[in-house]
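Scroll down for the structure; my scribbles are underneath it.
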Amino acid sequence: MADTDIRVAIVGAGGRMGRQLIQAIYQLDGVALGAALERSGSSLIGADAGELAGIGHNGVTVCDDLTSIVDDFDILIDFTRPEGTLTHLEICRQNGKAIVIGTTGFDEAGKQAIKQASADIPIVFAANFSVGVNLVLKLLEKAAKVMGEYSDIEIIEAHHRHKVDAPSGTALAMGESIAHALGRDLKACAVYAREGYTGERDPKSIGFATIRAGDIVGEHTAMFADIGERVEITHKASSRMTFANGAVKAALWLSGKNSGLFDMKDVLNLDLL
């Protein structure tokens with residue numbers, strides 16, 4: 001580790017995403033693994049984080065107490081569960097540590113807690129850290145402005161059998177991008193399930209369909225369907241490394257900032273498109 005490297009702590013270091021985040025850290029210059037965390041009672045406590053990630057021994061021991069390692073990192077990356085992330089967020093706020101949040105499934109109170117914490121510390125909070133997905137979000141804004149008023153809009157997403165929230169955070173972000181471009185409130189126009197006799201489709205609605213099966217990493221399609229034609233904008237992820245690399249790049253971008261709430265559009269400068 002060079003003296004100038006940004007030290008990153010990974011929450012859920014022994015999970016699939018955590019291991020790939022550690023791998024991503026070792027593939028990028030200017031960043032180093034400072035600490036690794038797992039839930040209390042995990043059999044991985046005390047293990048070497050580098051060995052867990054398949055990169056060899058690195059001397060970073062997995063622990064279960066974030067407060068005990070606050071001096072070992074500059075930025076925390078958290079892709080876990082909402083309740084745990086909010087606990088870690090408060091510890092970061094109290095200790096002046098930046099945080100990158102990839103956790104999905106927050107309720108409105110959780111989102112508000114993140115916003116409030118950003119007054120004190122810098123936060124990147126995004127539903128998806130893939131460069132491609134965030135480009136898609138920008139493309140959807142443009143497509144909605146051209147076709148959205150006269151097209152039926154549907155969002156279809158597919159993930160692995162272990163994903164616990166639905167629709168995915170990315171699907172909701174796609175819906176928000178479209179709704180915002182059309183001046184609509186997603187909460188009012190979203191349709192999350194159809195069953196039985198539903199009547200005709202509300203032309204102002206944005207529909208969501210969810211698939212959970214096998215080991216699908218993540219697939220999202222937004223459809224703008226008119227009579228005689230439709231446009232589909234699709235993103236398919238084949239590896240979690242695309243999310244891991246994006247999150248670590250977000251951590252590097254966040255370094256040196258004092259406070260504020262940001263997303264991947266800020267990290268990638270997509271508002272310039």
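Here the Cβ of each residue, glycine as well, is placed from N, Cα and C on the backbone.
Among the candidates Glu38, Glu149, Glu154, Glu157, the one that Swiss-Prot lists alongside Gly12, Ala13, Gly14, Gly15, Arg16, Met17, Gly102, Thr103, Thr104, Ala126, Ala127, Asn128, Phe129 as binding NAD(+) is Glu38. Mapped onto three states, the DSSP output places His159 (active site, proton donor/acceptor) in strand. With Glu38 (NAD(+) binding site) as the anchor, the candidate recorded positions are His159, Lys163, Gly169, Thr170, and the one with the nearest CA is Lys163. Within 10 Å of the Cβ of His159 (active site, proton donor/acceptor) there are 25 other Cβ atoms, across all protein chains. Straight-line distance linking the Cα atoms of Arg39 (NADP(+) binding site) and His160 ((S)-2,3,4,5-tetrahydrodipicolinate binding site), rounded to a whole number, equals 22 Å. Using a 10 Å Cα-Cα cut-off from Thr170 ((S)-2,3,4,5-tetrahydrodipicolinate binding site), the binding-site residues that qualify among Gly12, Gly14, Arg16, Thr103, Ala126, Asn128 are Ala126, Asn128. Between the listed binding-site residues, namely Gly12, Gly14, Gly169, the fewest other CB atoms within 10 angstroms of a CB are found at Gly169.
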